[in-house]
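Report on the structure given below.
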C-alpha cells in the first residue's frame, strides 16, 4: 500500500450542516425522544454502530443530542422557535472507509428535517498537524462500484439540493471540471460527458434512417438532449424528467454539458416534469409514435427502480414506431456482469432485437455496457450504412468529439467474456 493510499484511508470526514425553515414535524425540533429515535434510526440505516447516546430537552427550548458511534459521532441542536437545526456528523476512516456511511447518514437527516434553506460544509480531517492541505475546502467524493471496490474524485462542493426524490450535488474538480452526483453516484462530468452521451444517443439515432420524433426519459443534465437536437431531421424531442431539481442545478452549473438546451433555446425541445411511468400511461393513445427512445437513467435504485422492469419496457415499446430504436446504459461488465445479464434478459423478453455495445467512460472507471433494441428483427440498421459517416458530418451544433461511424460499429464487438454471457441469453 502506498503512503498516499494510507493517508487517504486514515483521514476522517466531517459534515457541518445548518438547516433553516425546517418543514419536518414539530416534534423533531422540541421533543427529545422523537429526535433521539430519528437519529438512532438514521445511524442504523446508514450502517453505523451505536455505542451510546444522550439527548437533553431544555425547558421551553430545543434539544441537544449526541450519539457516540464506533465510527465517531453525530450531534444535533435544535431551535424550535426558529425551526432551525444544527447537525454535526463525523466519521473516522482508521480501520475502514466510512465516507459512504457518513454521506448516507447526512442524506437521511437532510430528508428528515426537510429544510427550505441550508448550508453544508464537508471537511477532510487528517492526522497530520500543520499540513496546510488539511484545511483546504476539498474532499474526496467516492462511489462504490462493488462491495470491495471504490473510486472517487477530489473536489469542492459548489451546490447541493435534497429534492423530494434524491440528493443532487455539483462538485468542482481539477481533472473532470464540474461533476454531477445523484445520491452519491457520479452521473457525468464536463470533461468526459461526450464519452457517455454521444454513443448512448447516436447509436440509436444512427440506427434509424430518418429520426423525426424522439422521446428522452431521464437525462436531467441535458447532455443527451443536446446530442439528439444535433440531428437536422428531428422535429420534436419530448423530454420526461421526474426531478426538477436536477434540471435546475444542471441549467445553472452545467452549460458545458447541455449546450444551452436546458435554457429552452431550441423550440423542438419540450420538457415534462413527471414520473415516466405515469407520463407514458397518460399519454393520449392517438399521439404519434416515436422513432427513437433514449433512456438516460440513474442506476436502478431510488426513483429509477421501476424503469428497469419488463413492465416499463413494455410501455416504451408501445410508443415506438415499427422501425424505431431504443438505447440505454446498463452497468460495468467487468464488475457487474450479473447485473448486465439481468438487464439484457429482461430486454429480450420485450424486444425482438437486442444489441449490446461497450464504451469507455473515465468517470465510471472504464468499460460500460449499453444496448440498442428494436421491436422488429428486420428493422434497417443505419449503423451498418456506408453513408453513416456523411450523416454524422451533417449534424448541427457542436462537433462530435468521441464517436464516428467506425467507432459505433466497433463498440458492438464485445470482449469475449461479455459476448459469451450475452450469447447464453439466446
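Backbone N, Cα and C define each Cβ position, glycine as well.
Note: TrEMBL annotation is automatic and uncurated.
What TrEMBL says about this protein:
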| type | residues | note |
| --- | --- | --- |
| DOMAIN | 138-375 | domain 'PABS' |
| BINDING | 166, 241, 275, 276, 303 | S-methyl-5'-thioadenosine binding site |
| BINDING | 197, 221 | spermidine binding site |
| ACT_SITE | 296 | active site, proton acceptor |
CA-CA, which of the recorded positions 166, 275, 276, 296, 303 lies nearest residue 221 (spermidine binding site)?
296
What are the sequence-distant neighbours of the residue listed as 'active site, proton acceptor', meaning same chain, six or more residues apart, C-beta distance under 8 angstroms?
197, 200, 216, 217, 218, 219, 223, 224, 328, 329
May I ask you to report the DSSP-based helix, strand or coil state of residue 296 (active site, proton acceptor)?
strand
Three-class DSSP secondary structure - residue 221 (spermidine binding site):
coil
Looking only at 166, 241, 275, 276, 303, the residues listed as binding S-methyl-5'-thioadenosine, what is the longest Cα to Cα distance in Å?
16
Cβ within 8 angstroms of the Cβ centroid of 166, 241, 275, 276, 303: which residues besides those meet this for the S-methyl-5'-thioadenosine site?
165, 218, 242, 243, 304, 307
Return the residue, from the listed binding-site residues 241, 276, with the maximum count of other C-beta atoms within 10 angstroms of its C-beta.
241
Residue 303 (S-methyl-5'-thioadenosine binding site): tally of other CB atoms within 10 A of its CB:
19
